[in-house]
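Copied over from TrEMBL:
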- 1-148: domain 'FPL' (DOMAIN)
- 201-286: domain 'CLEC16A/TT9 C-terminal' (DOMAIN)
- 431-456: region 'Disordered' (REGION)
- 432-441: compositional bias 'Polar residues' (COMPBIAS)
- 712-735: region 'Disordered' (REGION)
Amino acid sequence: MAELLIWGDQHDPSFFELFMEKQVMAQFIRILKNSRSVSVTVQLLQTLNILLQSMRSEQAIYYLFSNEYLNNVITFPFDFQNEELVAYFISFLRTISTKLDTNTVSFFVKTDNEEVVSFPLYTEAIKFARHEESMVRIAVRTLTLHIYNIDDKAIRAFIMSPDLVGYFLELVTSLRQQTFRVVDLVTEAAKNPDSLPIMAKLEEAVAETGDLLFYCNDIINADIAELSRLMTQHILDLLVIPVLIPSLRPAHETEMQSRELSSLYLLSCILQVVKQRDLVNRIGLELLKKSCSRDGMVSDVQLIAADSTPQIKEEKIIYESSRELLLSYLFCENDKLVLASLNVLVAMLQNKVLNETLLDALGILPQRKRYKKLLLQALVGNNADDEVLFSPLPVMEGEDHVDLDSMAVSFVMPRKQQGAAELICRADNDHSPSSSNTNHIHSCEPATGTGAGQLSPRRNRYQVLDALMRLLCRRPPPCAEALWHTGWLLRQLLPYHEQKLRDYHLCMLSKAYTAAQEDLMAEVKDCWCDLVPTLMVEEWKICKKASETSALKKDTSFVLWPSPAVTFPSGETSSSHIGERMQASVKVFVILHQLRTLVVEGSIPDVPNLNQPNEPAARPKTGRSGIQLTVVKRDMEIDLTPGDAVPCRIAFEKGKERSVYLLACTKGTGGWLLLAEDVPLKQRRGIIRVTAALAGSNPKVDGDHPKWLHLRIRSPHPPTTDMPRAGSGGRPRSRRLVDGRWTLAFADERTSTM
């Protein structure tokens with residue numbers, strides 16, 4: 001029937017006229033009420049769903065919506081213990097929502113004095129908002145967003161009525177509880193990194209948290225001012241202020257850092273996803289606020305003040321604000337924490353609605369915006385003299401201060417829903433697992449006031465610059481993505497004139513660059529030396545792009561996944577391991593070289609100047625064979641010129657020796673080892689059977705058998721494809737590729753040492 005009606009809707013209206021004449025929709029309702037078979041009910045819902053999706057004519061849609069037919073289906077007391085029935089019912093509701101507009105929505109509401117008193121489509125749908133099946137939850141969210149975007153005052157008033165407004169509180173409460181679950185699973189994953197069930201649960205929890213956050217953002221952007229304010233206040237009162245900001249402060253230095261890592265991740269997600277001015281600015285304000293929940297954290301890391309000497313102080317200090325704690329994580333040995341902290345800084349700079357005064361107070365206002373601001377102040381005569389405007393790093397005497405207490409009035413929203421928020425906070429503290437597990441995100445009552453007082457943007461600006469420079473020059477270096485973010489942030493913060501860094505920062509950069517240069521030179525002497533120039537060109541483009549444009553990924557959840565720190569112990573001989581070390585060395589060298597070039601010359605060239613020697617005029621030995629090295633491959637026929645092709649024996653299987661010829665081909669920095677066999681009936685002609693890289697072959701004559709030559713055969717895959725991408729979040733390989741070994745037997749001792 002559905003297929004006939006759909007065809008008739010598009011080709012012959014008489015089909016649907018007959019459908020209306022026979023009151024088939026009324027018959028559907030009668031069948032639904034009298035049926036005791038779930039399969040019949042499911043088929044009916046499916047038929048209605050197909051009709052609603054496929055009907056195009058306005059007459060057909062209006063008939064299906066009329067006479068309370070669909071409302072009777074929506075309010076029918078289904079047995080939702082059947083999961084299949086739930087899926088078809090929710091799909092049916094979602095399809096209806098796609099057809100709603102300011103005209104059709106009137107078919108699904110009941111009004112009294114122009115006020116909506118009943119809207120079954122909405123009220124029945126939100127009952128499934130916390131269903132265990134993710135597809136059901138997604139359908140409910142899609143349906144509700146369709147309704148929120150209908151420009152109808154009566155509908156919006158109904159949604160915000162006291163009986164239904166609690167849905168939004170429950171929604172943010174779910175986001176809060178999901179946050180606690182993520183922390184639990186991150187902790188478990190750190191303890192059991194090889195547990196696939198835990199990893200699957202963590203992936204599911206992270207995905208649900210992200211979906212909830214995007215859903216909240218869509219609600220905020222639904223063009224309902226009152227709803228936007230309500231959602232913003234709930235997120236602040238239930239998640240940001242009592243949970244995420246306090247959780248940046250470690251409870252004990254010896255504890256696992258899952259809570260802090262999760263808080264940084266969620267903060268970066270909120271700043272990356274949400275573009276609501278009040279919410280984003282309040283987060284910036286809370287980062288500046290002095291902590292009231294715990295005593296200041298004592299750390300061994302010293303953030304140099306702007307008036308300090310170039311000497312590094314090792315004395316302990318106390319971090320009073322969350323902003324200082326955020327910067328302190330840049331000094332951690334845990335690259336995940338470093339990267340999570342950088343993600344927050346990058347997300348704040350990317351968010352276009354964050355107030356520039358707050359950015360300046362946080363110490364991360366880009367220099368181009370800062371100079372624009374100072375220039376405007378100078379033009380209007382607002383206390384900005386030339387010395388301040390054009391000084392590279394202003395001195396501390398007479399520095400500017402910002403009164404955050406007075407500025408906070410612009411960002412602190414009315415707290416109409418504070419009572420409900422406090423109730424949820426207390427309930428979580430009393431009944432959630434976080435009350436007994438110190439690894440949970442810290443939770444406290446929603447705070448009032450700022451506690452920020454007077455702040456110095458110049459001092460904070462210098463703290464950020466100093467922290468980034470120390471991270472960039474850290475030994476051992478952080479992961480590549482952390483270096484990319486650091487480079488991009490420095491490009492935003494460095495002044496646009498000749499003296500970009502202080503002398504001791506330049507000294508730090510010079511020492512780090514020299515160390516990176518030494519590391520790279522060591523790799524040039526190792527088994528992947530032939531790939532260093534190619535890899536440098538590739539990494540140059542990647543690093544330059546990352547430093548010029550923000551490289552923050554849409555999914556930054558990889559910081560939550562456990563991965564052991566990549567270490568390169570001395571004495572390691574595996575070519576796979578050496579390849580990873582070589583790639584890491586190239587990345588660090590390229591990033592430092594580019595920043596050094598930027599500071600000295602003011603710009604970064606598009607390609608590196610490698611100063612590679614030109615190809616020699618004389619062709620290599622194998623040139624006499626006519627071999628084109630760029631097309632050397634197995635089963636290719638070549639000349640076996642005496643002196644170039646050395647006869648020997650090799651066994652690839654036990655007890656099966658083969659007579660072959662060994663050839664070495666070189667071109668520039670690359671080269672190959674070839675094993676070829678005679679071609680029958682063709683004198684001095686052979687077929688290449690095996691190829692291997694010449695670099696890293698490390699030939700050694702056997703101590704007991706002088707006629708034997710041992711060769712190491714490195715992995716045929718370059719390290720760029722053999723190792724996981726930095727920051728990909730994938731689980732690290734438990735096993736690396738094992739090097740191959742060739743043992744060649746020659747006719748005499750002299751040949752084996754040629």
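Heads up, residue numbers simply count up from 1 along the chain you see.
Including glycine, each Cβ sits where the backbone N, Cα and C put it.
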Pop the mean pLDDT for the domain 'FPL' (1-148) in here, whole number is fine.
89
Is it possible to list how many residues within the domain 'FPL' (1-148) are helical, extended or coil according to DSSP?
105 helix, 7 strand, 36 coil
For a three-state summary based on DSSP, what are the helix, strand and coil counts in the domain 'CLEC16A/TT9 C-terminal' (201-286)?
69 helix, 0 strand, 17 coil
